[in-house]
Amino acid sequence: MSVVILDFGSQFTRLIARRFRELGAYSVILPGSSSLERIRQENPQGIVLSGGPSSVYDENAPKPAPGVLDLNIPILGVCYGMQYLAQQAGGDVKRAGKREYGKADLTEYSGDLFRGIQGEFVAWMSHSDSVTQLPQGYEVCAKTEDTPVTGIQNTGTKRYGVQFHPEVVHTPKGGQLLANFLDICGVTRDWNAEHIVEELVADVQKQVGNGKVLLAISGGVDSSTLALLLAKAVGERLTAVFIDHGLLRLGEREQVEAALKPLGVNLVTVDARQQFLGELAGVDDPEQKRKIIGREFIRAFERETAKLGSFDFLAQGTLYPDVIESAGGPHSDKSGAANIKSHHNVGGLPEDLNFKLVEPFRTLFKDEVREIARLLGLPEHIRMRHPFPGPGLAIRCLGEVTEEKLDILRRVDDIFISGLREFGLYDGCSQALAVLTPIRSVGVMGDERTYSYTAALRAVTTDDFMTAEWARLPYDFLATMSNRIVNQVHEINRVVYDITGKPPATIEWE
Ligand SMILES: Nc1ncnc2c1ncn2[C@@H]1O[C@H](COP(=O)(O)OP(=O)(O)OP(=O)(O)O)[C@@H](O)[C@H]1O
Ligand SMILES: O=c1[nH]c(=O)c2[nH+]cn([C@@H]3O[C@H](COP(=O)(O)O)[C@@H](O)[C@H]3O)c2[nH]1
Ligand SMILES: NC(=O)CC[C@H](N)C(=O)O
Ligand SMILES: [Mg+2]
């Protein structure tokens with residue numbers, strides 16, 4: 001039993017599934033054009049038609065397969081999905097006079113979808129088309145000032161539509177609306193992290209059969225959690241490989257080895273410092289750096305495979321944000337989204353990959369992986385560790401990466417991160433980092449002129465790393481950090497704090 005989400009290309013389709021998971025409901029995302037037979041295999045109790053970039057009146061507008069709308073189960077259309085429902089039932093959809101983008105207040109709302117919801121309802125909008133004529137059998141159940149038809153319902157056939165996106169966090173009461181839809185469908189809400197683990201274990205076993213799995217492990221949250229999951233799924237047929245690419249932080253190799261030991265996973269550490277730094281020499285373009293790192297990771301795994309015996313499968317702790325940001329690359333999803341940066345484990349992978357990838361977390365978000373980690377008993381200090389990107393300090397050393405710059409950055413980073421812990425601020429940030437910029441500026445120290453590098457500090461708060469706010473760290477703390485860095489790292493004479501959110505910036509600088 002499930003809810004089937006038909007995807008018409010919205011950026012937020014995965015968020016619908018995510019909200020259902022949070023509400024304890026099992027859902028499956030299928031392409032919008034899936035056949036009726038395929039949809040029936042999932043035994044759905046309800047269907048969601050997602051949003052999407054097309055307009056329903058376009059000649060080639062994507063549509064659900066014939067018969068889907070005749071299924072005798074509740075259907076919720078979101079944005080494009082609502083416009084499609086309205087059009088199919090004989091209503092009209094046109095480019096609106098007033099487009100809505102961002103937050104809008106519902107001026108009126110009522111009906112089954114809004115049961116139990118009171119007070120103001122802030123709805124996040126992203127549309128240029130609107131339902132201009134209500135189809136027969138439907139009534140309006142929500143309005144905004146600019147869009148008189150913002151919600152529609154046909155309680156007889158149990159067809160519902162909303163013009164806004166209930167799945168995004170910027171629609172604060174959207175979760176309640178989706179919960180109401182689940183109730184209308186009669187979905188039992190007993191889906192939880194335990195089920196997810198069972199399902200992931202079964203999927204891995206099905207994919208891998210009797211094969212051997214090499215796990216790319218970094219000591220980070222995702223790959224450490226994956227180690228525990230894979231140990232459950234394939235037991236002894238698992239070998240974890242940790243690459244020291246020379247781009248790690250101060251003392252990180254020893255710390256990771258010590259932290260992973262108690263997990264009881266068969267761990268091999270590979271010293272690939274020369275190889276990575278050699279390949280990166282002279283390269284200053286961020287995308288090129290990322291691609292080189294992605295490729296060298298794979299080459300390092302291949303060399304280990306040659307030593308350790310054959311491995312068909314390479315497991316990585318890839319998450320959904322890595323996939324969506326790497327869109328368009330050789331190992332990314334063909335979602336039509338823009339390429340923001342090639343994450344080393346997705347868009348940065350070489351075309352000639354000789355492993356089959358095992359990536360059970362590919363559709364999940366960080367906080368969900370942390371829930372799985374809790375269930376699998378990952379120690380808290382690993383579970384709540386800030387993420388550290390696979391390309392490591394290479395993407396925080398802007399421009400060309402050299403041993404000298406890495407050494408400077410390591411010392412700055414260590415002062416900042418230890419400082420956050422010392423002042424009890426580490427857990428309040430989702431991620432913190434230091435960047436070595438290529439900017440040199442004039443300073444005065446000990447009455448002498450200096451002409452040295454600028455370091456940037458960055459700390460953000462976020463749930464899912466898709467969007468982020470810069471952390472409001474106390475001025476006194478920042479002052480202490482600036483002081484310590486300039487005093488202890490002689491190559492730095494200026495420290496700045498990054499006060500940009502994501503968007504418009506990203507978390508890493510490259
Ligand atoms: N030094 C490394 N050695 C081996 N594999 C690595 C290394 N760094 C990253 N990886 C692989 O790349 C994947 C993606 O890295 P990413 O940093 O997103 O995840 P993570 O390190 O597991 O967790 P976190 O996001 O908490 O740092 C990892 O899950 C792991 O499979
Ligand atoms: O393993 C990784 N390989 C990569 O290539 C990579 N690029 C960014 N990140 C991490 O992803 C999150 C979002 O980062 P951005 O806002 O910079 O895109 C942040 O947590 C980043 O640290 C990476 N992790
Ligand atoms: N977010 C959406 O689903 C948008 C639907 C349609 N393209 C519109 O502009 O109204
Ligand atoms: Mg990491």
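Quick reminder: no glycine exception, Cβ is built from N, Cα and C everywhere.
For reference, TrEMBL has these:
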ACT_SITE  Cys79  active site, nucleophile
ACT_SITE  His165  active site
ACT_SITE  Glu167  active site
DOMAIN    191-385  domain 'GMPS ATP-PPase'
BINDING   Ser218, Gly219, Gly220, Val221, Asp222, Ser223, Ser224  ATP binding site
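The CA atom of Ser224 (ATP binding site) is located 34 Å away from the CA atom of His165 (active site). A Cβ distance below 6 Å to any atom of ligand 1 is met, among the recorded positions Cys79, His165, Asp222, by Asp222. Ser223 (ATP binding site) sits 28 Å from Glu167 (active site), taking the Cα positions as reference. Cβ neighbour counts within 10 Å, taken over all protein chains shown, single out Ser224 as the most crowded of the binding-site residues Ser218, Ser223, Ser224.
For the pair Asp222 (ATP binding site) and Glu167 (active site), the Cα-Cα distance reads 24 Å. Cα-Cα distances to His165 (active site) place Cys79 within 10 Å, out of the recorded positions Cys79, Ser218, Gly219.
Gly219 (ATP binding site) is surrounded by 22 other CB atoms, counting those within 10 A of its CB over all protein chains shown. Proximity to ligand 4 (Cβ under 6 Å from any of its atoms) holds for none of the recorded positions Cys79, His165, Val221, Ser224. Listed in chain order, the extra residues whose Cβ falls within 8 Å of the Cβ center of the ATP site residues Ser218, Gly219, Gly220, Val221, Asp222, Ser223, Ser224 are Ile217, Thr225, Leu226, Gly317, Ile382, Arg385.
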